[in-house]
Amino acid sequence: KMGLSEGFWHHEYWLPPGATWEDMKESADIHYPQPQDLLLCLPGALLLIIVRCIFERTVALPLGRRLGVSDKLRPIVQPNATLEGFYVLLGRTPKEGDLISLAKQSDLPIKKVETWFRHRRAQDRPRLMKKFCEASWRFTFYFTSFFSGLALLYDKPWFWDHTMCWLRFPQQPLPPALGWFYLLELSFYCSLVATLPFDVKRKDFKEQIIHHIATITLIFVSYCANLIRFGMIIMLVHDASDYILELAKMLHYMKWKQVCEAVFIVFAVVFIISRLVIFPLITYYYFVTKFQLFLISCLINTFLMVLQLLHVFWSYLIIQMIFSVILHGAKRKDARSDTEESDRSEAEDLAKNK
């Protein structure tokens, strides 16, 4: 397998007791997952990044402009080497002692130093159009992924009856369409990891990294162990709500407040049902109760539990947002929003500069 040591690919680690790699011999008509196929995810991720760049420039950007998405004017920052040096090297938000020291060094009042840092942070803040373009790309991918996955699985009896996922496992031939779907999902998550440093940074940045690592590991391991059926169901359950969230974000950037709130509530319902009900109580339950334990299944168990903890964390944020913003009419602040300061202070600075 893949030319790696036999020890790593020993059947006792990857397959249930009694099964060996010999049980998965390919023929002209019957194909099984081959680990080396997953190497295609590297050019696949690169291709998706190129497609994304083209999509954002030729589709999302003109669409955003037509729908009225526009970037706000931002205060002009006066060049100052001392303050810029502190901003780049030591931090974007200086403490009181640092402000006093910087005021002395630059011969400016403390208030002016505070204002300079606020303007400088505003300059680095991601622009609304950039956020709209990112959300448009993710919406397009998740929407396509979910409904194409549904089209691939709706006529499969094991999709509706999860007990059939394990029939004759691991001797379950791989339909080419499912193999390509797996590869597409793996390529997409690899592309997300590659573009994380350049994308809008969100408050749950660390949780996103954990989620991407867990997802990539689960896709890789489940493919190699021929847990394709189970993996497809898990991916579909997870994809069910993602495109609705991205649509809600796009509507938020377009300032369609009421439609955005309605879509967000739909997202919340779908997310909680798919991640806190269907995934743990139906899908994951069958994996734990109907499946023989071996090394790789224990690893999958661990990462699925990590994902479930993230689901609980995000569900808490979603419910909190619904109660504070939509039901009580509090000032909107997305629980998973970008790390940014309030628009009000920026508007005040612009008013002063006019």
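Cβ coordinates come from backbone N, Cα and C, glycine included.
Annotated features, as they stand in TrEMBL:
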type	residues	note
TRANSMEM	37-55	transmembrane segment
DOMAIN	83-127	domain 'Homeobox'
DNA_BIND	85-128	DNA-binding region
DOMAIN	130-327	domain 'TLC'
TRANSMEM	135-154	transmembrane segment
TRANSMEM	177-198	transmembrane segment
TRANSMEM	210-236	transmembrane segment
TRANSMEM	256-278	transmembrane segment
TRANSMEM	285-307	transmembrane segment
REGION	334-354	region 'Disordered'
COMPBIAS	335-354	compositional bias 'Basic and acidic residues'
Margin query: I'm a bit unsure how to read this: which one of 37-55, 135-154, 177-198, 210-236, 256-278 has the highest number of Cβ pairs shorter than 8 Å with the transmembrane segment (285-307)?
Written below: 210-236
Item checked: Beyond the flanks of the transmembrane segment (37-55) by 6 or more, those residues with Cβ under 8 Å of it -> 136-137, 140, 179, 183-184, 186-188, 190-191, 194-195, 220, 223-224
Margin query: Going by DSSP assignments with H, G and I as helix and E and B as strand, what are the residue counts for the DNA-binding region (85-128)?
Written below: 32 helix, 0 strand, 12 coil
Item checked: the DNA-binding region (85-128) [mean pLDDT, rounded to integer] -> 75
